[in-house]
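Colleague: Sending over a structure as C-alpha cells; questions will come in a sec.
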Amino acid sequence: MSSPRAVVQLGKAQPAGEELATANQTAQQPSSPAMRRLTVDDFEIGRPLGKGKFGNVYLARLKESHFIVALKVLFKSQIEKEGLEHQLRREIEIQAHLQHPNILRLYNYFHDARRVYLILEYAPRGELYKELQKSEKLDEQRTATIIEELADALTYCHDKKVIHRDIKPENLLLGFRGEVKIADFGWSVHTPSLRRKTMCGTLDYLPPEMIEGRTYDEKVDLWCIGVLCYELLVGYPPFESASHSETYRRILKVDVRFPLSMPLGARDLISRLLRYQPLERLPLAQILKHPWVQAHSRRVLPPCAQMAS
C-alpha cells in the first residue's frame with residue numbers, strides 16, 4: 001500500500017499521546033467485527049497522525065468505551081483507481097487474525113459509500129524510520145532488542161503461513177515502551193504453500209530471488225531482517241547505490257561492505273542472513289539464540305503478553 005520512504009505514519013509522539021496510551025490499559029477494547037456494525041459516529045476524531053496516497057490516519061476514541069485507536073480512513077475511489085481492492089481485502093483478512101505483542105492490531109473495520117475505515121492499535125511513539133532519521137543510527141542494545149522482537153513476531157507469522165515481504169523501518173511502529181509493532185500488511189500474503197512468485201517490496205530490501213523472478217518462500221523475511229539490522233547500526237541499507245541498476249547488481253552479488261565500526265557479533269548475524277541461497281539463511285529460531293542478540297537485547301514483554309505466556 002505504501003511507497004518506499006513515503007508511508008502513512010500511525011503516531012507522531014506527543015506528550016498527550018503517552019497519557020492516552022496509558023489510559024488504554026484500563027479502557028475496554030473495541031468489540032470484534034461480529035459484535036455489531038460500527039460507523040464513524042461511534043468515534044471522537046482527534047488530530048491527524050499521518051497522510052497517505054489513499055487516505056489519512058487520525059487519533060480517535062470510541063465514545064462508548066473511551067478506548068484510544070488510530071483510525072485509518074481510505075478513499076474507495078483512490079483504491080479502485082489503482083486497482084488495489086484485492087490488496088486491501090488481503091491486508092484486512094491477514095492483519096485481523098494476527099495477535100502478537102509485536103504486531104500492530106487491527107481491531108475492526110467498516111465502510112460507507114465513499115470510505116473504508118480500519119480501526120488500528122495506536123502506536124504512540126510513531127515510526128521506527130523517524131527514530132532512525134533523528135538518531136542517524138541506533139546502538140547495539142536498541143538494534144538487538146528490535147531484531148529479537150521482529151524475529152519472534154515473524155516466527156508467529158510464519159507459523160500461520162503469513163509472509164510479510166516488506167519489512168523496513170517505515171513499516172515498523174513503536175509502542176508505548178518503544179517496542180516494535182509490525183504494521184502495513186499490504187504486501188503480505190497468506191499462502192498455505194508458503195511459495196510465491198510475485199515482485200513486491202522495497203528496492204533496498206529486495207532479496208535476490210525476488211529480483212530474479214524466482215519462486216520464493218518465507219525466507220525472504222530473513223533477508224529483510226539482515227538488511228534492517230545493517231541499516232539500524234550503520235544508518236543506511238547495505239546495498240544502497242546511486243542507481244537502481246547498481247542496487248540490483250550489488251544485491252545479486254550480495255556485495256555487502258561492512259564498516260570497521262560494525263560490531264563483530266552483529267556482522268556475524270548479518271552475514272548469516274544475507275545469503276544468496278535462501279536455504280543458507282539463518283532460521284528465525286537461530287536468530288533468537290544468536291550470541292549477539294542474547295548479549296545485547298533488552299526485550300521486555302508488555303504485561304498482557306507476560307500473562308498469556
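Cβ coordinates come from backbone N, Cα and C, glycine included.
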Colleague: Looking at Swiss-Prot, Leu49, Gly50, Lys51, Gly52, Lys53, Phe54, Gly55, Asn56, Val57 are annotated for ATP. Which of Lys63, Lys72 sits in that same site?
Modeller: Lys72
Colleague: May I ask you to indicate which of 166-183, 256-273, 292-309 is given in Swiss-Prot as region 'Interaction with BIRC5'?
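Modeller: Residues 292-309 are the ones Swiss-Prot records as region 'Interaction with BIRC5'.
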Colleague: Using DSSP and collapsing to three states, where does Leu49 (ATP binding site) fall: helix, strand or coil?
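Modeller: Where Leu49 (ATP binding site) sits, the three-state DSSP reduction gives strand.
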Colleague: If you count the other Cβ atoms within 10 Å of each Cβ, which of the binding-site residues Leu49, Gly55, Val57 comes out on top?
Modeller: Leu49
Colleague: Compute the C-alpha separation of Gly55 (ATP binding site) from Asp166 (active site, proton acceptor), stating it in Å without decimals.
Modeller: 20
Colleague: What whole-number Å value do you get for the CA-CA distance of Asp166 (active site, proton acceptor) and Lys53 (ATP binding site)?
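Modeller: Distance (Cα to Cα, whole Å): 18 Å.
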Colleague: Tell me whether Asp166 (active site, proton acceptor) sits in a helix, a strand or coil according to DSSP.
Modeller: coil
